[in-house]
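Notes follow the structure.
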């Protein structure tokens with residue numbers, strides 16, 4: 001085999017080298033160092049021939065290649081020289097790439113439109129995403145949790161504001177009621193002491209209560225009393241002053257048109273010779289009687 005022949009050649013050469021070394025035939029300096037570097041040969045014709053062999057003569061719409069020179073910076077206008085972009089400066093390097101790509105797009109778009117090639121993605125276009133569905137689901141859940149947390153925080157903030165406003169309104173209402181009560185008590189004391197003969201505070205209290213009722217009932221307009229109220233008014237009257245309503249006056253004392261002598265002297269029918277039935281004493285009277293007997 002080839003490996004056996006190589007090993008034999010190598011063993012023979014080693015033995016020969018050993019014999020030469022033992023005889024003293026080997027001398028230093030057998031490895032010759034070249035003083036000049038080998039010249040590099042640029043075979044342009046061969047390269048062009050190789051290019052023509054694998055090059056395919058296709059139209060531009062199939063290749064879509066755009067070659068441009070270096071694009072100048074529109075701000076400084078000093079990018080005509082290649083040395084102006086520092087390759088160690090990340091910002092300048094990335095901006096040069098960006099300007100180059102932008103200029104290529106601006107040159108390629110009119111050519112594509114001229115060839116009637118669509119350049120916008122259709123609405124029903126489906127492209128496979130770089131990330132998997134599981135990863136996107138995790139991202140959606142994380143975004144959803146963040147949004148829910150923000151909504152909860154906003155609701156809690158609104159509730160705190162509403163509670164604060166409610167406490168403020170409640171405090172104002174309590175203070176106003178205490179002030180009204182204090183003013184009414186002072187007015188009552190002044191009236192009792194005879195320092196004032198006005199009862200305006202009662203009218204104010206009535207109007208305030210009526211105003212609260214109207215406000216709570218959305219200022220509804222009453223057209224008149226209902227049937228129940230009319231029946232009670234007819235049965236019990238309309239209220240008003242009761243004390244002293246049966247006192248005699250000068251006019252009633254002089255008016256004797258309704259006087260009946262038979263009725264006045266208990267001579268009318270059904271009243272003569274009858275006595276009031278005996279009634280059983282009440283519980284308190286019986287208790288008093290028992291206490292006296294003891």
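Each residue, glycine too, has its Cβ placed from N, Cα and C.
All TrEMBL annotations are machine predictions without curation.
Feature annotation from TrEMBL assigns compositional bias 'Acidic residues' to 1-11.
Residues or ranges marked as region 'Disordered' in TrEMBL: 1-23 (among others).
Residue counts for the region 'Disordered' (144-186) under DSSP, helix first, then strand, then coil, are 43 helix, 0 strand, 0 coil. Taken from TrEMBL, the feature region 'Disordered' covers 144-186 (among others).
Non-local neighbours of the compositional bias 'Basic and acidic residues' (145-157) in the same chain are absent; no residue 6+ outside the stretch has a CB under 8 Å from one of its CB atoms. Marked as compositional bias 'Basic and acidic residues' by TrEMBL: 145-157 (among others).
Among the features that TrEMBL reports, compositional bias 'Basic residues' is placed at 158-167 (among others).
The annotation compositional bias 'Basic and acidic residues' is assigned in TrEMBL to 174-183 (among others).
Residues annotated as region 'Disordered' in TrEMBL: 199-294 (among others).
According to TrEMBL, the feature compositional bias 'Polar residues' maps to 207-219.
Residues or ranges marked as compositional bias 'Basic residues' in TrEMBL: 220-233 (among others).
Residues or ranges marked as compositional bias 'Basic residues' by TrEMBL: 272-294 (among others).
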